[in-house]
Structure formats: structure tokens, C-alpha cells
């Protein structure tokens, strides 16, 4: 599961200059240089720590050093450029197509984000980009979702097909996003592409759902995973022979209380120090990789010394379509984060984005399939089905109670690390929205002593707490999946729209037309299927997807009008 996904721009401390030649090519008059906008964040953070936070935010996709919004004064024969964190503008497509935005106007420096001095920073390499995606995608999901997938599919063979299908669908989405990433080389991912294809409203609705549903929902799921592993240790059920009986012996309220406690523990770390949160992430990444390596070694050792514990056939496969929807969403949640590189598209070496995405997803699909094969080599299928702590059961089957305890500790730390990463990005997302007036200003406040966005952290934690109290792992996974894949579907449809409306737009990489069509068709079928299997969760997801319409028309458009008037008066 992605540790940092679906981020937005934070207010920029530097501004871009539109290239006169590129604007002329678009049929527009030259734009005047924009002026930097100082934010509360800039005043609160000292120079050294701001550099540190800037680099971390850029890696998470929170920061666009050249974020611009082009405001065209209709009927006056001129245009103005102003720096804002949310690029909701009807001119976004032309800006993204300009040479300057693409980096061509910088001469020998190439494309990349700029530091506070205006210098172009070094682009991320192929290896660096692959490490980013692989590191984000491999999270707590691979240690929790396989049991749910197995239960809903009914056989090992079908479960492995679902995992392969989830990987193929993620690759199709990644390939489509790669075309958009090199065509519109701005940081921001979904937000940029939706604005280019459908306009400001679609981009804002995505942003609103990211703040209110996607980030809190993801944090709630990860918190529950961590809590279930911890509770298996605390209740001593890691030492019992029957995993199902052990899981039933844990009160639901205990899991939720532990999940909320873990959430506020991580929140306290971030409220205390930004650097502490980032250092924690490095340590947790080591544990996460260690756990996956142990799974591979354990499966290989078991097949050498013994026979497979499960039958790898398709016998007794489920005939319930609704179950396959939940199984596929559970597997897709594990792959979540495949679009991470698109959020820092301007920081990646020119032409490398498609190769980074395709190579990374190939590696991830192989790793996840190997992990699932290892689980079923060691665990009987009946043991694997229905558990969300398959890592613990795998460790116990290999090395007894000690192995179960070891895996439980490693996966718990890994899940807390995933929670640490997504809480970091979600709190900065809230700050960005608050600084532009999309949320109350108080959520943009930074603590003067610790220089951390305490109010943003508290809001993110409070929303996640609500999700933890209202849902369980399966229901939250489906809710999150529907919400996320509605927006993935919208972006890929936007790709097809841009191919029709902007056929002459430069596309350094162009995926086969069958790829986005197959992706959109499968995603639509999956979403419709989920509506029949879990109507209330699906309805809730749709409500969050369109809920941003109300604040957009009541408040945001009014803010944009005032900004336009202010720019025209200067």
C-alpha cells in the first residue's frame, strides 16, 4: 500500500516565468513574471529546515517549484501570471504545453524543479524514480490483503489470477498516466490532468475528496492493519493453533482503540518534529523490506524441505461476482501508489517517466506474486482465507510461536511506518488547501516552536478516527477502492478526451490506444460491480467524490474571482 499517495501542491516560494516564444506559439501575448507569495509556512520554518522539508515534500509530490496559474483578461488583449498552489485554470493545458514549462526554455539545464534561488535542481534518475515507486507501493497491504483475496476467490489458482489481474490493471493505468506525465510535465498528478481535460471543478472535487476521504480512509485502513497485528500479540493469540479462533477472540473495540492509539502516537511524532517523522520513515522502510525478504526465503526453504501446504488448482473457485470485486479492490489497494512518479513529473529526467513506471510496476508485480506463492507454499489454504494477519500466521507456520511473534512485530512496525508516511503528506495537503482559502485558515497554522502543522495533523487524525470507528478492513478497503478508482477512471477518460481535443499536442510517449480503453472499461466494470455488492459503501464513496461541488460554487470560485481582479489591478 502506498505510504504517500494522492498528494497536492503546497504554496510555492518561487515563481515561474512564461516563455515569450512559447506563449506566442499558443497565440497568446507575452505574460509578465509572477511574484513570490510568502506563506505562513515560509515565515515559520528557518532556512535549514525549510530546505529539508522542501526536499521531502518534492519526493512526496507535495511541492511544485514552478506551479503557476495563468489568468487571461478577456477582451483586454493581455494576460497575467500569478503563483498559486492549486493550478485550477482553464489555461493549464497551454501552460503545460509551453517550452518553458516543459523545461526547454532553460537552455542546457533541462527540466526540473527550482530551488529558492531559481536554480534548476538535478533531475531524478531512472534508478531513483524506480526506488521511489517501489518503496511507496510495497507497504502493509501485502501482509494483510492476501487472506481477503483468498477468501473471496475460493482457490489458490484464482487468487493468483486476481493478483496478476490487479498488477496488469495497475500497469495499464501506469502506462496511461505515463503518457499524461510527459505530455503535461507539471507536478500534481491527478489534479493537473483533470484540470487539463475537464476544467477547474473536476480538479477541485478530486482535491476535496483527497482531503476528506482518500487520505483519511487510507490512514484508517493502515491503522487497523497495525492494530490487528498488535492485538494478536497483546492477547497472546499469536501462540494459538487456530488463526480463525485467535482472531475471533479479539474484541472489535480493542482493535479500534489500538488503531486510534497508534494513529495519535504517529500524530504526536509529527507534531513534535518534522525531521523525526522523516527519520522514522527510513527505519521503517528497512523493516518493510526485511519482512518481504523473509517471506521469500521462508517460501523457498519450505518447498525445498517439504511439500506445498496448499493445492495450487482452481478447484472450488467462487462463483459470486461480488466477491471478486472485493478481492480485486483488496489487491489493487496493495498496488496503490503506482502513480507516485506523476506527482513529481518535473523532477524526473526527461523521457524517463514511462520507463520508470513500466519497469517499477514489472518489478512490483513479480514481487507480489512471489510473496503470494510463498504464503500458499507454507500455509494451508483454509488457514490463509479470511485472515488479515497472514504475515503472522506465515511466520508461525515456519518457526512456531517465535516466528509468529517476530513477523507480527515487523509487520506492525511496517504498518506504522506506512501510517507515518501518509500522515505526513495529508497534513501538508491540508495546509495547502487552507493557505488558498479552501479550508479554514486555522488549519494552515504552524507551531512556532516545533515548526510543524499541528492543526493540519489534528484534522487529518480526527477524520481518520471517524473512519476507524465506522468501518472495518474489508468495508474501508472497498470504500477507498471505489473512491480512488473513480478518479483513476476519470483521469484515463481525460487522456482519451485530450487525444481527441488536442491531437497536435506534443506526446513524447504515447501508449497503445487499447491500453487506456481496456483500463477504463475494466475500472468501470469493477466500480459498477461494487455498487451491487456493497451499495452503501459505494454510495458513500460517490458522495465524497462529488461533495467538493458545493464548496467550489459557494466559496472557491469567489476566491478565484478576487485573485483575478487583484492581478488585473497590478
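Keep in mind that glycine also has a Cβ here, set from the backbone N, Cα and C atoms.
Automatic prediction, not curation, is the source of TrEMBL annotations.
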Would you mind telling me which of 356-378, 425-447 TrEMBL tags as transmembrane segment?
356-378
Could you check which of 98-120, 282-304 is flagged in TrEMBL as transmembrane segment?
282-304
With the ranges 61-82, 479-500 to choose from, which does TrEMBL describe as transmembrane segment?
479-500
Considering only Cβ pairs within less than 8 angstroms, which of the stretches 124-143, 220-238, 282-304, 356-378 has the most against the transmembrane segment (324-344)?
124-143
Check the transmembrane segment (536-554) against each of 124-143, 192-213, 220-238, 356-378, 512-530 and return whichever range has the most CB pairs under 8 Å.
192-213
Establish whether the number of Cβ pairs under 8 Å between the transmembrane segment (155-172) and the transmembrane segment (356-378) reaches at least three, counting only pairs separated by 6 or more residues.
yes
With a Cβ cut-off under 8 Å, give me the same-chain residues at least six positions beyond the ends of the transmembrane segment (124-143) that come close to it.
1-5, 59, 222, 225-226, 285, 288-289, 291-292, 333-338, 340-341, 344, 347-349, 352-353, 355-357, 359-361, 363-364, 367-368, 371, 389-391, 411, 414-415, 417-418, 421
Other parts of the chain folded back onto the transmembrane segment (220-238), taken as Cβ under 8 Å at six or more residues beyond its ends:
1, 139-141, 143-144, 246-247, 249-250, 254-260, 262-263, 333, 388-389, 391-392, 396, 401, 404-405, 408-409, 411-412, 415-416, 418-419, 422, 464-465, 467-468, 471-473, 476-477, 480
